[in-house]
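> I'd like to ask you about the structure that follows.
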Amino acid sequence: MVNDLIFPDILLYLLDMVGVIACAIAGTLLAQHKGFDITGCILVSMANAVGGGTLRDIALDRHPLFWMTDLNYMFVITATSLILQTFFHLYHKIDRAVKLFDAIGLAAFSVIGFKVALHQDMSPLIAIMMGVWTAIIGGLLRDIVCNQIPLVLQREIYITASIVGSVAYLFFDYLGMNAGLNEFVMLGIIFWVRMLALRFDWHLPSIRLVD
Amino acid sequence: MVNDLIFPDILLYLLDMVGVIACAIAGTLLAQHKGFDITGCILVSMANAVGGGTLRDIALDRHPLFWMTDLNYMFVITATSLILQTFFHLYHKIDRAVKLFDAIGLAAFSVIGFKVALHQDMSPLIAIMMGVWTAIIGGLLRDIVCNQIPLVLQREIYITASIVGSVAYLFFDYLGMNAGLNEFVMLGIIFWVRMLALRFDWHLPSIRLVD
Amino acid sequence: MVNDLIFPDILLYLLDMVGVIACAIAGTLLAQHKGFDITGCILVSMANAVGGGTLRDIALDRHPLFWMTDLNYMFVITATSLILQTFFHLYHKIDRAVKLFDAIGLAAFSVIGFKVALHQDMSPLIAIMMGVWTAIIGGLLRDIVCNQIPLVLQREIYITASIVGSVAYLFFDYLGMNAGLNEFVMLGIIFWVRMLALRFDWHLPSIRLVD
């Protein structure tokens with residue numbers, strides 16, 4: 001009831017689509033940069049946008065895959081990629097917006113992956129990991145297909161933000177918070193940690209070995 | 001009836017094997033070039049030849065995987081790879097044949113992936129995508145394992161040929177064409193588009209960003 | 001009975017964990033070398049340690065995945081990676097031990113993959129391949145994520161050792177050897193072949209094409 005009022009699934013779905021658009025833009029930009037053609041750019045965009053959720057669903061044995069029954073994902077990704085390929089000279093005008101979209105996507109993807117794993121009766125640790133998978137594996141696949149060192153394993157506040165949000169959810173859940181409200185709080189925390197990290201250029205330490 | 005007469009499954013199976021041989025040759029050549037040993041070359045050949053169908057079957061939740069019940073795939077790939085590794089100096093004599101085999105494989109893999117998805121009651125859009133997956137993901141995996149920019153995302157008339165064939169199938173199906181004949185037409189269209197692209201060096205435009 | 005006495009599953013489990021530790025160390029070292037941060041190193045360690053078993057279980061449709069129900073895998077990998085990242089200057093002192101652990105892991109992973117496939121009623125050929133998958137795909141994923149040419153496809157006595165062990169198992173099984181004892185023999189053979197290959201620097205020939 002409260003769930004329905006405060007945090008209906010339709011809102012999560014819309015935020016999910018915002019994240020999908022951000023991923024499709026990032027995938028298309030990198031693929032164009034690598035010299036891929038129109039269909040190659042679309043494929044990389046799809047890997048970036050639904051790759052994480054696809055691997056999560058395969059790992060959790062959820063079939064059919066979410067984008068096979070809801071074709072909106074394919075339409076939104078293809079349209080985003082084609083529009084960007086046609087008007088890519090306008091990209092610098094939307095650069096700021098894409099960072100925002102990307103942070104929204106990180107939060108929405110994490111919440112969805114975390115929720116899905118809990119609904120499959122996974123342990124909280126696996127749920128945290130499925131939130132991280134959903135949020136980062138798309139970007140990982142994009143970088144692997146484009147033959148690059150994965151960015152998401154370096155710009156670490158991605159993974160950390162997702163974990164912080166999941167841990168907060170589990171903590172508030174333990175305190176008895178309503179699940180719908182809690183998802184909303186989790187979404188806000190991940191978004192907020194990511195934006196703070198972007199603003200203040202936060203990084204986890206990385207220990208580089210000397211050869 | 002007409003189906004059995006005009007386009008028996010055994011023909012599709014044989015064309016599939018022709019494609020598997022072409023993929024095994026391409027995988028072995030690239031793996032040798034990268035300095036992989038005998039078993040490494042065989043593994044890359046397998047990734048190239050059955051990788052697309054494997055990911056398709058996993059995504060569609062079809063088990064056991066096709067090469068687990070029909071061991072001919074493993075035998076044909078291993079034999080092709082070993083023969084090529086032993087007599088690789090003869091490769092330039094079969095160069096032309098491999099291009100032809102590869103185009104046959106593109107057509108057969110696309111038809112099989114498209115058919116399989118439709119049999120699983122997927123929407124036509126997903127069936128088109130599964131045709132593309134089956135045809136290109138093997139080559140994508142080969143290039144990823146060998147640490148190269150994927151060729152199939154650049155030589156785009158691969159993906160485009162597969163999509164054109166699938167769309168033609170859906171169009172003729174709408175007009176009421178017999179399914180067996182239609183598969184035959186789809187196979188011919190993909191093969192023909194690919195051969196035309198090779199002959200006239202067709203490419204989709206690729207928009208390369210300036211750094 | 002004899003099985004329980006000579007080769008209880010708990011021993012195989014412990015050897016499995018030794019292999020997991022070796023993989024977590026190898027994954028963390030390469031990830032640090034590539035400049036990944038703390039969480040990035042942990043993720044690469046996980047890919048290296050459970051990637052092979054995960055793909056095997058997905059290919060064989062075994063759900064839930066082994067590390068989803070037994071959280072020890074995640075704990076051991078995370079602890080190993082964090083300890084190594086904190087005290088990485090001590091690594092050269094454990095270099096020898098890691099090679100030994102790695103050979104133990106190769107043997108344990110192969111036996112587990114092979115057994116699991118036979119229990120799923122797969123043909124012996126597929127079981128041999130699942131042994132190889134379990135043993136090498138983790139290292140393959142690590143190298144792919146870190147944008148490197150995969151080592152396991154070059155240092156071939158990995159794959160060969162796994163195959164030799166599986167073939168020996170099938171041969172002794174044909175002669176009527178007790179399954180539990182046979183697993184123990186298979187484990188010993190793979191470990192022994194790998195150690196011999198390390199000691200005498202054995203390699204399969206690799207035919208490098210001239211450009």
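The backbone N, Cα and C atoms fix where each Cβ goes, glycine too.
Found this in TrEMBL, in case it helps:
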TRANSMEM  C:12-31  transmembrane segment
DOMAIN    C:14-85  domain 'Glycine transporter'
TRANSMEM  C:38-59  transmembrane segment
TRANSMEM  C:71-88  transmembrane segment
DOMAIN    C:100-173  domain 'Glycine transporter'
TRANSMEM  C:100-118  transmembrane segment
TRANSMEM  C:124-145  transmembrane segment
TRANSMEM  C:157-175  transmembrane segment
TRANSMEM  C:181-198  transmembrane segment
> Could you give me three numbers for the domain 'Glycine transporter' (C:14-85), the DSSP helix, strand and coil residue counts?
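Across the domain 'Glycine transporter' (C:14-85), the residues distribute as 60 helix, 0 strand, 12 coil.
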> Test of understanding: applying the rule of at least three C-beta pairs under 8 Å (pairs 6 or more apart in sequence), is the transmembrane segment (C:181-198) touching the transmembrane segment (C:71-88)?
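With fewer than 3 qualifying Cβ pairs, these stretches do not touch.
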> On average, what pLDDT score does this prediction assign to the domain 'Glycine transporter' (C:14-85)?
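Average per-residue pLDDT within the domain 'Glycine transporter' (C:14-85): 94.
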> Using DSSP, what's the helix, strand and coil tally for the domain 'Glycine transporter' (C:100-173)?
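Summed by class, the stretch gives 59 helix, 0 strand, 15 coil.
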> Can you tell me which recorded stretch out of C:12-31, C:38-59, C:124-145 has the most Cβ pairs within less than 8 Å of the transmembrane segment (C:181-198)?
C:12-31
